[in-house]
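Engineer: Next up is a structure, given as structure tokens.
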Amino acid sequence: MERQFEIVSAYSPQGDQPVAIEKLVEGINSGKKKQVLLGATGTGKTFTISNVIKEVQKPTLVMAHNKTLAGQLYSELKDFFPNNAVEYFVSYYDYYQPEAYVPQTDTFIEKDAQINDEIDKLRHSATSALFERDDVIIVASVSCIYGLGSPEEYRELVVSLRVGMEKDRNQLLRELVDVQYGRNDIDFKRGTFRVRGDVVEIFPASLDEHCIRIEFFGDEIDRIREVNALTGEVLAEREHVAIFPASHFVTREEKMKVAIENIEKELEERLKELNENGKLLEAQRIEQRTRYDLEMMREMGFCSGIENYSRHLTLRPAGATPYTLLDYFPKDFLIVMDESHVSVPQVRAMYNGDQARKQVLVDHGFRLPSALDNRPLTFDEFEEKTNQVIYVSATPGPYELEQSPEVIEQIIRPTGLLDPPIDIRPIEGQIDDLLGEIQDRIAKNERVLITTLTKKMSEDLTDYLKDVGIKVTYLHSEIKTLERIEIIRDLRLGKFDVLVGINLLREGLDIPEVSLVAILDADKEGFLRSERSLIQTIGRAARNENGRVIMYADRITKSMGIAIEETKRRRSIQEAYNEEHGITPKTIQKGVRDVIRATTAAEEIETYEATPAKKMTKKEREKTIAKMEAEMKEAAKALDFERAAELRDLLLELKAEG
């Protein structure tokens, strides 16, 4: 019997949620490919999307722009759908340094990574769920557009076992080894099996506590049980079990032989090319590395960095689109792009960044040219693989608005909270004025967010506030994701009252205790003060009934004008609704959650060496400036303002020195 999506919640859709749900469902059922949900901060966008999933009954991929946000969405959707398969698929590296080569200093940086076992388990759980049931929601970061093994191969290599089935025990062991399970009778863990006489116990890659016990009677499977791996307690009797491969890059033996032949052919061609061009060191390097990998593949069936040979392993032609998580979904599935104003530019940028790094490795003999095909999807390929998409954002970007001219709005908050009123105050005397406002908020046990334009101003302001006895902390770009979540938690718990930063638009900053957002230098037009970032920043004060925004500015820029008008428009819609329904705004009561254990992001950033401009040639300087300007614009587009500001400062230095 087919399982249905069902929501378990004490709430029913409120405000303009019912209309948004109805329009989105109607659009999906009528075959619309792309829709936009403009949901103001705190209007319950996740609940709306959950109701849409329940109504359309389609497997769904929810894409978030980083691990932290994906973790939050995963927790929320798991609460709404406790009886369905809600899965989590993000990059499984706790720490990741991709392999790279710096020609200027002749430095090769080996790939260095720590794999998070918990996340690896969740990834396997996600892909196996897609082949076993229809009621699947996978919450993924944008890394889901990176190459994965072939879904056909993954499906075909499933070891399917039934009670009463004729099967030789040794044949089962061979099949398990073929799908990357290792025998380990001592340290029994995920991705291994152990043998005791006629009993084979298998620890599936997608589970962390339960294993499968297969009992043989001669050449027949007599019994299948689900067992607690630690205590041995029998949890359930099973008639059938499917053991999915322990790796997503799994290949049949006959395919592996063909792949090895093709890799050898490519190696010969590459060696000929390098030797003809007098690149003897590069030729020696690529031959040594590739021959070692081939030996490992012949003996073990895999090697370190096997994903770099994925084109050969899946027998695809050069330049062919790689397989990704999207290929594991059935044809008729739904994609929800959360915070689309950030995730769409991110998907666009991933291919170019990946190719630039790999091309250097290929040029200098660290990888074969086919490694360039182990890559994320290009934006056009991503578009081709999507079926129906809902873009969700409080400030949809130009691409989304172009794709779907009709925008479905969700402005009213179920709590009756309004978009905050905005004060504009002169820059002269702003710090003293702000200090008075902070003290008022502290007296009421409320919190304050302050956003500045530069790192120096953030640091100076933090030091000044500390000197006058305010409990304040500064949120800067060097702080890693988990630490960031802890700082936000401490702010909510009252360990400090004020948070200062350049980019207060990142995940997890919807804090009900915040009643004041102060925007310094609001009239300095630029990526830090664009209409979209101002609207997002204003939304940070919309979770408290006393929420207010102060913009310190000597004039009203075009971006400020648009942001202020849009906030007023939303506020008047909300006030009219509250009046009509007799609702009094009430601050959200939200428990302070502990840090999610599966969200440690590896933030990968290109660093620029501080080579004095005078030592660079004119051409080198121009090239560096162009590269930094392009990255600065990309960072600004993705609302990563600390990175953009850092690059802006470096650019100014470089131009001044030149």
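Just so you know, glycine gets a Cβ as well, placed from its N, Cα and C.
What Swiss-Prot records for 26-413 is domain 'Helicase ATP-binding', and it gives sequence analysis as the kind of evidence. Under the heading ATP binding site, Swiss-Prot lists GLY39, ALA40, THR41, GLY42, THR43, GLY44, LYS45, THR46, citing sequence analysis as support. Residues or ranges marked as motif 'Beta-hairpin' in Swiss-Prot: 92-115. The domain 'Helicase C-terminal' annotation in Swiss-Prot covers 430-596, and the record cites sequence analysis as its basis. Swiss-Prot lists 622-657 with the feature domain 'UVR'.
Let's see these features in context: how buried, what's close, how far.
Structural biologist: Other C-beta atoms found within 10 angstroms of the C-beta of THR43 (ATP binding site) number 27, with every protein chain shown included. DSSP gives THR43 (ATP binding site) a coil state; it is part of no helix or strand.
Confidence annotation: the domain 'Helicase C-terminal' (430-596) carries a mean pLDDT of 87 in the model.
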Engineer: Suppose we draw a 10 Å sphere around the Cβ of GLY42 (ATP binding site). How many other Cβ atoms does it contain, all chains included?
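Structural biologist: Other Cβ atoms within 10 Å of GLY42 (ATP binding site): 20.
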Engineer: With DSSP as the yardstick, break the domain 'UVR' (622-657) down into helix, strand and coil residue counts.
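Structural biologist: Output for the domain 'UVR' (622-657) reads 33 helix, 0 strand, 3 coil.
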Engineer: At a 10 Å cut-off from the C-beta of ALA40 (ATP binding site), count the other C-beta atoms across all protein chains.
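Structural biologist: Its Cβ shell of radius 10 Å holds 26 other Cβ atoms.
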Engineer: From the centroid of the CB atoms of GLY39, ALA40, THR41, GLY42, THR43, GLY44, LYS45, THR46, the recorded ATP site, which same-chain residues not already listed sit within 8 A by their CB, in sequence order?
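Structural biologist: Here the nearby residues are THR48, ALA394, GLN410, ARG413.
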